[in-house]
């Protein structure tokens, strides 16, 4: 990460960074920290100096910065390693992830200002780790740190795309085109559930990102929500296809070109996206396996040239999906791929949403309490499922044998027993409320 010297050294330095070195640093600020009434006079002096001489202000600025660095780093007293340590610590303090500068300062002093000893004693309690960002590009997806440069993300995913294309070519399977994985502009949706409202739009992301074949590269960057979500196979929600969503926020990426991929001013769509939603079938179509999620976070209709709704069929089972992202998440189950790993217990998950739900277990937080028996739960959906024990409600009814169930997970396990003996056509039942 490049240092912005103007930001670091013209402004007041970090409060708790380097102890006594800051005194010399603050004293060298010069007239730039005068009282408010003296600012205009100083500005005129600087302007006149800049206009009347040949780049004298530029030379003065460089000399001022040299004095600041010299008085701060004191090369006559410190070795090269000590100077590097000072710069590293300063960058760590202003990097945005340090949440307890006072504690870091104390550890720096207690280590004798030795960087190696300081690193050994430093724990994650004093920093905010960078958030994880879920990136989806041309059918490939991965989890990256928010600090990772966009060019590295694109290079990594491009290698995955090329590897998959090579495998498909060897198998004689036509590869997916970029049109199949492009996300077109979807209509905004409003969702109100569990007291949570959201309104968002999914935007097609293809501006100025091209590869050597002049094909559009669609890049979706999804900021995963940390809120609780029902974990598949556990105590599930009262509606098997409801989920929380985050607003989509657009941001501008870096500019650059690498390995034939050009990306300039790439709009990045950030929000809770389709990949993070658990893949489940609705009760009405449990055996036809066609997704009917009208308010899904994949509210992106991919249509052909004649406006016909596309569908995506799994090659290993009869399931058909309306959205490509659901198919990709489903196929990971056939391959038993669990790319999302808990850093605490190393347990793998098929979907990022499952990982988020699992991580709440490690926190030990159970903020939702039953009003009848005072039992606590980590998720509101789990609480609602538990409350049905008291009310006797069983909203999930099998369309074949009319057996009712309190939890959707139990309902889906029961429906799989019918899949082995029933034709694909399934009578529909009213949606459980």
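These residue numbers are counts, starting from 1, taken along the chain as shown.
Cβ atoms are placed via backbone N, Cα and C, with glycine included.
Here Swiss-Prot flags 165-185 (among others) as compositional bias 'Polar residues'.
Here Swiss-Prot flags 195-210 (among others) as compositional bias 'Polar residues'.
Annotation comment: Swiss-Prot describes 277-299 (among others) as compositional bias 'Polar residues'.
Taken from Swiss-Prot, the feature domain 'SCAN box' applies to 44-126, supported by sequence analysis.
The annotation region 'Disordered' is assigned in Swiss-Prot to 165-210 (among others).
Residues or ranges marked as region 'Disordered' by Swiss-Prot: 275-301 (among others).
Residues annotated as zinc finger in Swiss-Prot: 312-334 (among others). For the zinc finger (312-334), residue counts in helix, strand and coil come to 11 helix, 4 strand, 8 coil, using DSSP.
Feature annotation from Swiss-Prot assigns zinc finger to 340-362 (among others); the stated evidence is sequence analysis.
Annotation source Swiss-Prot lists zinc finger at 368-390 (among others). Broken down by DSSP into helix, strand and coil, the zinc finger (368-390) contains 11 helix, 4 strand, 8 coil.
Regional average pLDDT for the zinc finger (396-418) in the model is 88. Per Swiss-Prot, the feature zinc finger maps to 396-418 (among others); the stated evidence is sequence analysis.
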